[in-house]
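Notes follow the structure.
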Amino acid sequence: MNNMQLKATSPLAEWLSYLEKSHFKPIDLGLDRIKSVAEKLDLLHPVPYVITVGGTNGKGTTCRLLETILLNHGLRVGVYSSPHLLRYNERVRIQNQDLPDEAHTASFAFIDENKTESLTYFEFSTLSALHLFKQAKLDVVILEVGLGGRLDATNIVDSHLAVITSIDIDHTDFLGDTREAIAFEKAGIFRENCPVVIGEPNVPQTMLDQAEKLHCQVARRDVDWLFEQNAENWQWQNKKVRLENLPFCQIPLANAATVLAAVQYLPFDISEQTLRKSLQEVELVGRFQAIKTDKREKLADYLGVPVETLPTIIVDVGHNPHAAKYLSEKLTALKRSIEGKMIAVCGMLKDKDANGVFEHLTPIIDEWHCVTLGGYRGQSGDELVEKLKSHFPNIQATSDNSVMDGVCTALKSAVKNDVVLVFGSFHTVAEFWAVVE
């Protein structure tokens, strides 16, 4: 190890600091470096069955429901996802459990001893996850693509089933600035003669062409399967199966429906009872999540106010226009049942399309509190306010120096019947969650 001697027993924080500096570029897409190490360590086939999940939004919730279903079926399951909210350990789950620091540091040491050249943070962590999965002797692993697909580190593994959640404009510096270019990159996770499930209703031709080239069996939303909802429940069906009176769940319905489509291609005889149970159980932090009693009490203690005075508070990690569109639909439905204002606490990274986000949400948000995020990618609250007012000059917007400053300002102006939304980035939700968790 250059310039730094770390051991398996070194603290996890030291290892993560090393990983962040171990390659000259934080993001360096390509598979040659990581694949050579994976081949050396026999990590390309870590478990009998692999599902890879790609897409612009919805990957995390899709992975979570797949995981819940497979666990309820009695299988040994691992999940690799990113980014984490509070702790690195969230990125690797085995049997629905985060692993202790010691497991990660030992795995990092093993990878570091065997690497032949420098690796990026994500390459290093991907190899470590595969090593941990192989050691655990699992039945199934679910890999969440980090960025794009074709050149993403997770793509060194040949999956048996590929799932695409959605396709929209994001990460244009790396993936291209059109849906067609982005779809081509995401289709890089497809494998010859392996099934592909697509939850995006408007699929670019570049993705379909890639599937045809590889002779993939494709299951497309609204073509090969569909779902519909009413006030009390929802239904899902394809040409062979119809599931009726399904319970609503804590994740977006489109993602849940995509998972039900994916289940049809799994080599496991999963019962309808297991599917229904899993829909009722599934949840994931930061996905249009209302803050519940215990966390409301912690927030009230932090603020020094009576808990009963707090308004409804919702957190969401949505950070691009596609996610903002979904948010606006949820908030519009919610607004019909409340008497108060919609107040937003928004923090975003510099490389995100803030104007596209604002376009979807300004019609529904009454009051904005823009906050500064730290780090080299963080955007200041002043910059966000300037963007807001340049397009919507009459908007009510203020700037704060941190997420919690923004939350405090928002709550001072809020009354019991209002709704406060904390959103814009994983970083935004993480700062808030660290206070209430």
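Glycine is no exception: its Cβ is also placed from the backbone N, Cα and C atoms.
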Next item on the list: Can you match one of Asn72, Asn89, Asn255 to the ATP site that Swiss-Prot gives for Gly58, Lys59, Gly60, Thr61, Arg287, Asp316?
Entry: Asn255
Check: So around the 7,8-dihydropteroate site, Asp28, Leu29, Gly30, Thr120, Tyr121, Phe122, Glu123, Leu151, Asp152, Ala153 aside, which residues have their CB within 8 A of the centroid of those CB atoms?
Finding: Ile27, Arg33, Ile34, Thr126, Gly146, Leu147
Note to self: Residues other than Gly58, Lys59, Gly60, Thr61, Asn255, Arg287, Asp316 within 8 Å, Cβ to Cβ centroid, of the ATP site?
What the structure shows: Asn57, Thr62, Arg64, Thr165, Ile251, Pro252, Leu284
Notebook entry, point to check: Which of the three DSSP-derived classes (helix, strand, coil) applies to Glu144 (Mg(2+) 1 binding site)?
Noted result: strand
Checklist line | Intrachain C-beta neighbours of Gly58 (ATP binding site), sequence separation six or more, cut-off 8 angstroms | finding: Thr165, Ser166, Gly199, Pro252, Ala254, Asn255, Thr258
